[in-house]
Amino acid sequence: MSQPKHLTGDKAGIEEFLSRFDVFLFDCDGVLWSGDFLFPNVAETLEMLRSKGKQLVFVTNNSTKSRADYKKKFDKMGIPANTEEVFGSSYSAAVYIARILKLPGPKNKVFVLGETGIEQELDAEGVSYIGGTDPAFRRDIEPEDFTNLANGSALDPDVGIVLSGLDFHVNYLKLATAFQYLQRGAVFLATNTDSTLPMAHSLFPGAGSSGAGLVKAIGKEALSLGKPSQAMMDAVEGKFQFDRSRTCMVGDRLNTDIQFGIEGKLGGTLAVLTGVSKKEEFLAEGAPTVPMAYVDTLGDLLG
Ligand SMILES: O=C(O)[C@H](O)[C@H](O)COP(=O)(O)O
C-alpha cells in the first residue's frame, strides 16, 4: 500500500489530484463543520470546485437532520448548496425501506429510535412509523409497561421494522419497546453505526453508541444503511449516475468515509484532519484503511 499524499501546501499536487475527478462526495460533520462552527474557507473551497465544473454531493451519516434540514444549515452557514445535493443516512434508510425492503403491508410500519431527520425522510417516502420524537415515549418505564410490553398489548401489531439512528433522547422505555419488537421478528436496521459524533471540536457518543444497548440486548448487529455500507453507495450512485472512477470521497473518518470510498471502488479518497481520525492512524505500518491523499483542513485545497 503506497503512502498517502499530503496535499497541504502542495499547489501542483492539489491541481493534479483535483483533475482526476468530476464528482466529489463530501462528508459533513468533521469536514465542513464541527456543530455550528464552519471550518476555514469551506465555502470558498466548494465554490472553487463548482467553478471547475465539479459535481458535489453531501453524503452524511448524521440522521438527526433531513435533506431539507441540511439545506437550512447550508444556508445558515453561507454555503451554496441545494437540497437535491444532500444524501443523508435517514434518506438512505427511508429509500431502502420503501423501495428495496418493501415489506408487505400492513406489517411495514417502523419503530424509530432517533430524531426528526428520520421521521421527515420516512414521511417523504410514505413509510408509516411510531416512536422517534413522540413525547409519549419520553418518560420513565412503569411496572404496568413491563406487563403490557410482555403480553403485546402495548405494541403496535403493524410494526415490522426497528430503525435505530442517533437518538438524543435514549431511555429504557424505548429500549424495551424496540427490544420486544425485535424479539417478535421485526427487521433490525440502522441509519448508521458511528461510535462517536464530532461536535464542538470534541467527540460525543454517536449513533452506534445510542443504539448499542439494543444490539447488546438482542445479540445481533443491525443492517446499517449509512457509510461505509455499500447499500448507501449504490443508492447514491443510482440517484446521481456518476462514474465511480472519476469520483472522490472526502471524509474525516477512516472506518466510515474512507472505507466507504475504498470499498465502493471510487477513483480516490481524500482524508481531512479536522474531524475524528488522526493521520497517525493511516500512516502507521499495516494500517487497514489508507486514503489516497490527505489535507490538514478542507480549505487547504485552495492551494
Ligand atoms: O454519530 C453519528 O451519527 C455520526 O457521528 C455523525 O452524524 C456523522 O456525520 P457525518 O460525519 O457522516 O456527516
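Think of each number as a place in line: the chain as shown, counted from 1.
Heads up, the Cβ atoms here are built off N, Cα and C, so glycines get one too.
Unlike curated entries, TrEMBL annotations are predicted automatically.
In TrEMBL, the Mg(2+) site is described by Asp27, Asp29, and among Asp252, Asp296, Asp300 the residue recorded at this site is Asp252. Cα spacing between Lys227 (substrate binding site) and Asp252 (Mg(2+) binding site): 12 Å, rounded to the nearest whole number.
Distance between Cα atoms for Asp27 (active site, proton donor) and Asp252 (Mg(2+) binding site): 7 Å, as a whole number. Note: Asp29 (active site, proton donor) has non-local neighbours Thr60, Asn61, Asn62, Leu197, Pro198, Met199, Asp252, Gly275, i.e. same-chain residues 6+ apart with C-beta under 8 A of its own C-beta. Its Cβ placed at the centre, Asp252 (Mg(2+) binding site) has 24 other Cβ atoms within 10 Å. Ranking the recorded positions Asp27, Lys227 by how many other Cβ atoms lie within 10 angstroms of each Cβ puts Asp27 at the bottom. Apart from the site residues Asp27, Asp29, Asp252, the chain places the Cβ of Cys28, Gly30, Val31, Leu32, Thr60, Pro198, Gly251, Arg253, Asp257, Val272, Gly275, Val276 no farther than 8 Å from the centroid of the site's Cβ atoms, the recorded Mg(2+) location.
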